[in-house]
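Undergrad: For reference, Swiss-Prot lists these features for the protein:
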- K98: N6-acetyllysine (MOD_RES)
- H335, E341, H371: Fe cation binding site (BINDING)
- K414: N6-succinyllysine (MOD_RES)
Amino acid sequence: MAQLKYISGFGNECSSEDPRCPGSLPEGQNNPQVCPYNLYAEQLSGSAFTCPRSTNKRSWLYRIPPSVSHKPFESIDEGHVTHNWDEVDPDPNQLRWKPFEIPKVSQKKVDLVSGLHTLCGAGDIKSNNGLAIHIFLCNTSMENRCFYNSDGDFLIVPQKGNLLIYTEFGKMLVQPNEICVIQRGMRFSIDVFEETRGYILEVYGVHFELPDLGPIGANGLANPRDFLIPVAWYEDRQVPGGYTVIDKYQGKLFAAKQGVSPFNVVAWHGNYTPYKYNLKNFMVINSVAFDHADPSIFTVLTAKSVRPGVAIADFVIFPPRWGVADKTFRPPYYHRNCMSEFMGLIRGHYEAKQGGFLPGGGSLHSTMTPHGPDADCFEKASKAKLAPERIADGTMAFMFESSLSLAVTKWGLKASRCLDENYHKCWEPLKSHFTPNFRNPAEPN
């Protein structure tokens with residue numbers, strides 16, 4: 001595969017032309033009477049026209065035929081995609097899933113859309129407020145099929161297998177330890193090269209942003225220059241049997257046929273684009289004196305709610321770093337949280353739980369449900385020599401954190417057959433160390 005090219009930056013005003021058609025972007029205006037190369041001008045809006053400039057999202061696409069040229073949409077089977085948060089009764093228990101099983105290609109060919117499974121979520125699509133967490137399990141590429149999401153943005157986290165993603169803006173190669181965001185309404189198709197697995201965070205009605213840095217300053221965490229946007233690429237391809245365009249609309253799937261590939265955008269400009277990011281570029285902030293800092297310091301992207309400082313969803317990672325805090329229990333502390341915490345593992349192990357939490361699996365600690373290090377981790381960390389040490393080398397755990405109370409789907413609790421019924425047992429060996437007559441040796445007599 002030839003090396004793909006990208007544009008660097010987050011949320012930038014960008015422009016790109018396929019080099020096969022120089023001068024394909026109109027000069028000085030968006031929709032001339034006749035576009036260069038006799039292309040059609042089409043605007044893709046990601047925000048209301050009247051949003052402030054700082055939040056206004058739109059791009060202009062110059063394409064061979066316009067997107068409107070298709071047959072009517074018809075409802076199709078949703079498979080395991082759902083936005084019904086009342087399928088099963090609520091469950092406040094700590095939940096952990098073993099690695100989700102990828103179907104064997106010898107048994108059945110499954111592409112990313114067919115292999116999409118909703119695990120949990122909350123909120124309402126029709127009012128543009130909420131989120132869903134999906135697992136994708138696939139073994140074959142999307143052939144003459146593309147997908148777009150009318151309901152929200154997808155943040156895609158591949159765990160196993162590379163994704164070659166065709167979009168209307170160009171192509172992206174996304175590998176494990178990278179993420180990508182495909183925003184609302186953007187059509188895409190994904191090629192895979194092996195049995196493939198990953199996680200998707202979907203948010204309704206908002207877009208992902210870089211978190212505010214506050215006293216950290218102008219630089220740090222995920223730096224804008226490390227986000228990559230594809231460059232224009234098109235194919236002028238007729239599809240005699242029809243190309244299938246799949247739309248997720250109000251939580252249901254619909255399909256329409258058209259005669260050509262939708263990836264026919266010769267040039268584009270704007271600030272509403274797909275993008276990718278390599279997690280190795282995250283600049284870690286950590287405590288260098290004492291105590292365990294709150295995990296918000298590891299936020300890569302946030303989707304803000306209307307309440308200041310409160311997110312519909314945060315994407316947080318736990319990257320390789322130095323641990324140097326003195327007089328401190330260094331693993332994550334025991335916690336009860338007003339937020340919901342879903343965790344996944346791309347590779348390696350998670351520092352607070354060496355066993356049971358495996359790559360390709362997940363865990364959900366719901367609102368106010370207690371969680372924290374397992375018994376083995378507590379005993380070791382309480383007695384460890386506090387020398388500077390590397391933490392999480394060779395690993396990458398992540399968290400989708402939300403202010404919403406997440407409901408688990410029927411597939412998540414039952415049909416996936418991956419729920420670990422023994423998860424609670426990792427805390428059972430925790431014992432009391434209470435010493436009523438304890439005296440701190442540092443205190444004077």
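Heads up, the Cβ atoms here are built off N, Cα and C, so glycines get one too.
Would you situate these features in the structure and describe their surroundings?
TA: Around K98 (N6-acetyllysine), the same-chain residues at least 6 positions away in sequence with a Cβ under 8 Å from its Cβ are L358, G361, C418, L419, D420.
Around E341 (Fe cation binding site), the same-chain residues at least 6 positions away in sequence with a Cβ under 8 Å from its Cβ are L364, H365, H371, M399, F400, E401.
When other Cβ atoms within 10 Å of the Cβ of K414 (N6-succinyllysine) are tallied across all protein chains shown, the result is 12.
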Undergrad: How many Å lie between the Cα of H335 (Fe cation binding site) and the Cα of K414 (N6-succinyllysine)?
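TA: Approximately 27 Å lies between the Cα of H335 (Fe cation binding site) and that of K414 (N6-succinyllysine).
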Undergrad: For the recorded Fe cation site, whose residues are H335, E341, H371, find every other residue on that chain with a C-beta no more than 8 angstroms from the centre of their C-beta atoms, and list them by sequence position.
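TA: These residues sit around the Fe cation site: P332, R336, N337, H365, T369, P370, G372.
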Undergrad: I'd like the number of other C-beta atoms within 10 A of the C-beta of H335 (Fe cation binding site), please.
TA: 15
Undergrad: Look up K98 (N6-acetyllysine) in the DSSP assignment and reduce it to helix, strand or coil.
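TA: DSSP assigns K98 (N6-acetyllysine) to coil.
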